[in-house]
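These notes concern the structure reproduced below.
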Amino acid sequence: MFCQTGPVIDMPVPASYNDITQDPTLRDFIGWVWYEREVTVPARWITDEGIRVVLRVGSAHYYSVVWVNGVKVTEHEGGHLPFEAEIGTLLRKEPTIPCRITIAVNNTLTLHTLPPGSIQYMNDRTRYPDGFFVQNTNFDFYNYAGIHRPVLLYTTPKAYLDDITVVTDFMDNTGLVRYSVSVQGAASATVKVTLMDTGGHCVASSNESSGVLKVADVNLWWPYLMHENPGYLYSLEVCLMAADERSTYEDVYALPVGIRTVNVTSTQFLINNKPFYFHGVNKHEDADIRGKGLDWPLVVKDFNLIKWLGANSFRTSHYPYAEEILQMCDRHGIVVIDESPGVGIKDIRSFGNASLTHHLAVMDELVRRDKNHPSVVMWSVANEPASEMPPAENYFNVHWSSSQRRETDFCPGCFSEDMVSLLYRLHNHGEGC
């Protein structure tokens, strides 16, 4: 049975659909659009029930609903950050048919989204047709829409490495890497942790799921132009072994680790106990034709321009950038102020509980994603909000709920503090989030 649809056109992913064609109705479109594609997965993914199959969407603006073979598997509120769903059991229900992925994306902005916006209906029938409306925003850039980062299928064993958290420090010439590994899908497991230098040599190891690795003659992570060898990265290689009555599972993950500290005094921002001055820019994540779609040549060009300018940092104005960009920053020693999509919070109605609940969820997603990047030295919760409004004080002094604390945090106080204190604590201690 076929359902009637609106116009269907080819649409590349990643890209902004409203900057691809010459059609003004698509450029100005507000509402639901539907992406769909069929893929054939390897037969082993279907036959081996010890394999998890995960569908991951890097970023879609702004509200997304995802179906696989007509069955809803997840939905996500907010752009700029990834989300995923396990789909292996669904594929095994009908193993002979292709995997049909359908993603509906709605770019409508309301007073409770990030960024916020409002829908204004034009009621003058002498000028506008019935039902005509415009999307109003309070930010000074084009509101790109679509699937902006890759959509991937990947696999893990049934028992897998779910998360790794690292917190770094150093004393004299000894580096300290405090780590915690989260495992899912296994009641008990064996973990092997190895820290490797750039030459592939083991500098520290452990058989515990959490602990502190000590690195003699440490090479610190330094910003660009602050040291002759900026952006030095170790590799934390984590090996998981687990078994049940049916099989043995092995999972491996390698996490780049930069050993550095961040602190502030009343007058200085310190990286590795030395004053750091932010020579940088406020970037945007966009380009001709592709819009906000991830574009590797553009990313590499931008980093060449940053160094050509003599800059050492940038702020991710005004939203979280792609993980690939932060990975480049780690490697090149470019310091990052990591900003949430909280731009344009100007309406007093955007300081209510609905907005706050979503804002807290977005900050939690942002910190969870970017906590291990040595390039990230600061979290920005909003850009130029109307902080003079009476509700803003309570909004930005809200206490984080206990449900948002994580077992892997090394700074337990952070998520019980308000947003402003979260920033202050991070600046002073440099670690834990």
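Here, residue 1 is simply the first one shown, and the rest follow in order.
Each residue, glycine too, has its Cβ placed from N, Cα and C.
Listed in TrEMBL for this protein:
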DOMAIN    20-157  domain 'Glycosyl hydrolases family 2 sugar binding'
DOMAIN    159-260  domain 'Glycoside hydrolase family 2 immunoglobulin-like beta-sandwich'
DOMAIN    262-387  domain 'Glycoside hydrolase family 2 catalytic'
When the domain 'Glycoside hydrolase family 2 catalytic' (262-387) is classified with DSSP, how many of its residues are helical, how many are strand and how many are coil? 46 helix, 28 strand, 52 coil
Just to be sure I understand, if DSSP states are collapsed into helix, strand and coil, how many residues of the domain 'Glycoside hydrolase family 2 immunoglobulin-like beta-sandwich' (159-260) fall in each? 0 helix, 61 strand, 41 coil
Over the domain 'Glycosyl hydrolases family 2 sugar binding' (20-157), what does the predicted model average in pLDDT? 94
Across the domain 'Glycosyl hydrolases family 2 sugar binding' (20-157), DSSP yields 15 helix, 61 strand, 62 coil
